[in-house]
Protein chains: 2
Amino acid sequence: MTESDLPVVDFHPYRWGDPDRPAELSGAVHEALAAFGVRAPACGPVEPADAALPDIVLTDGARAALEVAVGAEYVRYDREARVGHTRGWSTPDLLRLRSGDASDAPDAVALPGSHEEVVALLGACAEHHVAVVPYSGGTSVVGGLAPARDGFHGVVALDMGRLDAVVAVDEISRTATFQAGMRGVTAEKALRERNLTLGHFPQSYEGASIGGYAAARSAGQSSAGYGRFDDMVVGLTLATPRGTVELGTAPKSAAGPDLRQLVLGSEGALGVITSVTVRVRPAPAVRVFETWRFETFEAGAEALRRLVQDGPVPTVLRLSDEAETSINLADPSALNGGGAGGCLAVTGYEGAAAEVESRRAGATAVLSAAGGAPEGTDGGEAWRTGRFRAPYYRDPLLEAGVLIETLETVTFWSNLHALRAAVTQALTTALTDQGTPPLVLCHISHVYETGASLYFTVACAQAEDPFGQWRTAKTAANDAIRAAGAAITHHHGVGTDHRDTYRQEIGPLAVETLRAAKQALDPTGILNPGVLIAPERPEAGA
Amino acid sequence: MTESDLPVVDFHPYRWGDPDRPAELSGAVHEALAAFGVRAPACGPVEPADAALPDIVLTDGARAALEVAVGAEYVRYDREARVGHTRGWSTPDLLRLRSGDASDAPDAVALPGSHEEVVALLGACAEHHVAVVPYSGGTSVVGGLAPARDGFHGVVALDMGRLDAVVAVDEISRTATFQAGMRGVTAEKALRERNLTLGHFPQSYEGASIGGYAAARSAGQSSAGYGRFDDMVVGLTLATPRGTVELGTAPKSAAGPDLRQLVLGSEGALGVITSVTVRVRPAPAVRVFETWRFETFEAGAEALRRLVQDGPVPTVLRLSDEAETSINLADPSALNGGGAGGCLAVTGYEGAAAEVESRRAGATAVLSAAGGAPEGTDGGEAWRTGRFRAPYYRDPLLEAGVLIETLETVTFWSNLHALRAAVTQALTTALTDQGTPPLVLCHISHVYETGASLYFTVACAQAEDPFGQWRTAKTAANDAIRAAGAAITHHHGVGTDHRDTYRQEIGPLAVETLRAAKQALDPTGILNPGVLIAPERPEAGA
């Protein structure tokens, strides 16, 4: 199965991924968990149909205005729509909804059919002081879909699902323009029909949308070869309560600040992205994925650094640490997928046949010289075909009584090992102190000439209050990341979960600058309030 | 002579480049000009010592505050300092100063010695309502150094010359941090001592500074290989009247908008960049520059597009049109440097020996298949060693009675030929209508996967009012660029000259957003007022 064969998926409200292909734990895993003292929670999850929804607080005037903006048939107030647009898919989000808490549900779900209708909807919400959360795949794992509602007369989820057209493909300039609600899978399918590819495959690929990639500054698993999503974007259309901003006159220019980069990563707080123009590339004729084994994480990291700094650079390049290598994340039921110890790296090459051959030969020489042992293509292919599958296992693990969550960060190469040690230590201490010593796994997920990202997976037995248990651990990890001088997120985004650490990271004057930009575009502050920046105004002098 | 052998140069107030190596026109060129009816102006340029300086309007209080901020010995009020910091080096700038008009001279030149002194100076200027123009190499060609002074009690040029230290080099992460006043040549020399390179060689290389590269979003002649300057920047420190902003926690992240990209290209209007951290690379072991000839510009452009889209990508890649090919810009005295007609492309390769060999072989195959005829390395080497020299000829040409200026733009590949035709037509019509039919030369100076820049050189006989003559032509070119949907500048910047077209390009709501960001960082509007965005406030609804 290749990326473009995958179906577009609407996730179950509290399960990650395709509801038709749920993951199951093997008997051996259940036995192992029992041996570790992990016990399933006393009661199972509350069904979505029984979740406690807040009363709808929209005024009659607001309802009427929404219905005028997008058409009455495209404003939904039913339970299914509201629960289906409640928060995202972080472990805390899942825990809350599983406990029957749907208090963050929007009052209504609106589905505009055009950019103009989005602008009209935002105008209506500004007039009636209704908060707006832009929504597509809903795959946020950082609380990006739970805006503050204090002081607003309700919250509307602006579902971009109807804005899913291919607007234009320029085969000469190799650009494609998509409406923002188009899912990544659909965009990729449309491009493959023209023998093109976007090459953007984040782990949320089965659900996420083009607009979400842009708003959350997404990075895909093939970023070494195809770049991050923010590298791909050449143009954007932004709807705001005050009208439209169109950016991207040229590929690059010296015409002032690059305002595209102000919108990318703005997470719905500055406006609603309604279309995106991206750079596309020829669909790869050939692809080869393989694995390499290094004695230590440090040796493997050094090999990755050499490749990304001096080339040739594979299309995919990642490295698991010893702990992660000992567990095959793509199939945790196999428990001992890692085999012979050490650290496993995945290298992937995509492109024209001759180019792939020469690039692979060059990288092979570098990896061998750096002490890597080649392990052939079986492990690489298994990773490639299973790569969107790992998070599916979170749901049966949660049900079995495991607390499992991921977090990620990024720093410069010279700081990488200190950062890994600090975050591992913080998570281990915070959870051990609660009586639930964790397993902390880590891999390098994305590489740059000057640094790399670290992606952590944390698992332990659930405590009585798993929500509070994780909050304590997450706070410790955030503090460790900040103390190490690294970024609070590499590709998950800020949302509400990272907002306070983000404020420390960029400082009060930068926060005020963002707030000023928001004020210019969204004077009444209705756009995803509390996401990215705190809703209260005074910030200076902090 | 290589890039790192060049001296750092302080330009003569109205001559481009190293005053010790002025360019001269040959007798043949003078004869040719005479044959075309070009006549030298009746009177020569006014000497800087005789230029009309405005009275100093700084209050005693402001003077005292400036002197407290940076030390009395580092505030200059003398004629030489003031004339030496008057405007930049566009042709209109030169024409005005040559005519004895130094009305844009700053009242004082302040030379802070640290980031903290810059912050203190901005605080003093805000308090006394004195406008500030950040100044390093002074090589702006878009009016970026002539802020509006209406409503201010004087203008201070903030000369960054004393902030010229290497702050840090991280050889593991391959980054280097420079104070912003460090000239490009000095930075390159410092890196070469460690066998590293920045690889940034704009035509202003002999004079420009690291901070200027960042503030003006510079692009160097080797951008195909080393990237634009905005690609190189991983961190920035910004001094503002309200304090400090430090950006660049990590190489890349999803922690909100990329605020580095808001500062890059801000041209001193949002703050004063005091240090910059850049990605560096190994100094090249080998370099090969060569020329190729194509029958037509269209054929050559197609070859460049194939290379940059499908690779392998040379380090330097440019293409002159038929008119420019017929004149050797690096040595106009040779008049017929182009030889056999058609269009000349320059390809350059830098790197490790084996890598250069394989990349060059691959590119050679692509260029040959695209109809290019190789012409060996003589022309390429001549271009490489002469490449900073071309603008030196502007001064003797101006003195001989030629009006000569350059401008540049950028668009997507599918729009490139329409853009070239439209700008050429606009310039030709506007100058022919004034009785001075021009020569319009063009080359592709920078290439991207999705598009390319066009760099125009325009020459004609000077009219009685060359300043007004050029303004008419420039306005026609700006309008043509906007009508063609291209960017008003690729690497020269916005300054004051492009401000109105820039406003049309990004639209009123984006201008308001920039203005809001400025207001947050610079509430009294002292920072380079009128540069980038117009000083007046109301913009919406335009």
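All residue numbers here begin at 1 and follow the chain in the order shown.
Glycine too: its Cβ is placed from the backbone N, Cα and C atoms.
Features of the protein shown, as given by TrEMBL:
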type: ACT_SITE; residues: B:Y455; note: active site, proton donor/acceptor
type: BINDING; residues: B:P134, B:Y135, B:S136, B:G137, B:G138, B:T139, B:S140, B:E267, B:G268, B:A269, B:L270, B:G271, B:V272, B:I273; note: FAD binding site
type: BINDING; residues: B:R394; note: substrate binding site
type: DOMAIN; residues: B:102-283; note: domain 'FAD-binding PCMH-type'
type: SITE; residues: B:R318; note: site 'Important for enzyme activity'
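Taking the binding-site residues B:S136, B:S140 in turn, the residue surrounded by the fewest other Cβ atoms inside 10 Å of its Cβ turns out to be B:S136. For the pair B:L270 (FAD binding site) and B:Y455 (active site, proton donor/acceptor), the C-alpha distance works out to 28 angstrom. Here the domain 'FAD-binding PCMH-type' (B:102-283) has a mean pLDDT of 97 out of 100. Here the C-alpha separation of B:S136 (FAD binding site) and the residue listed as 'substrate binding site' works out to 22 Å. Highest Cβ count within 10 Å among the binding-site residues B:L270, B:V272: B:V272. Largest Cα-to-Cα span within the FAD-binding set B:P134, B:Y135, B:S136, B:G137, B:G138, B:T139, B:S140, B:E267, B:G268, B:A269, B:L270, B:G271, B:V272, B:I273: 19 Å. The secondary structure of B:L270 (FAD binding site), as reduced to three states from DSSP, is coil rather than helix or strand. Among the recorded positions B:P134, B:S140, B:G268, B:V272, B:Y455, the residue whose Cα lies closest in space to that of B:R318 (site 'Important for enzyme activity') is B:Y455. There are 24 other Cβ atoms within 10 Å of the Cβ belonging to B:R394 (substrate binding site). In three-state terms derived from DSSP, B:R394 (substrate binding site) belongs to a helical segment. By a simple count of nearby Cβ atoms, those within 10 Å, the most crowded of the recorded positions B:P134, B:G138, B:G268, B:R318, B:Y455 is B:P134.
Under the three-state DSSP scheme, B:S136 (FAD binding site) falls in the coil class.
According to DSSP, B:R318 (site 'Important for enzyme activity') sits within a strand segment. Nearest Cα neighbour of B:Y455 (active site, proton donor/acceptor) among the listed binding-site residues (B:P134, B:G138, B:S140, B:G268, B:V272): B:S140.
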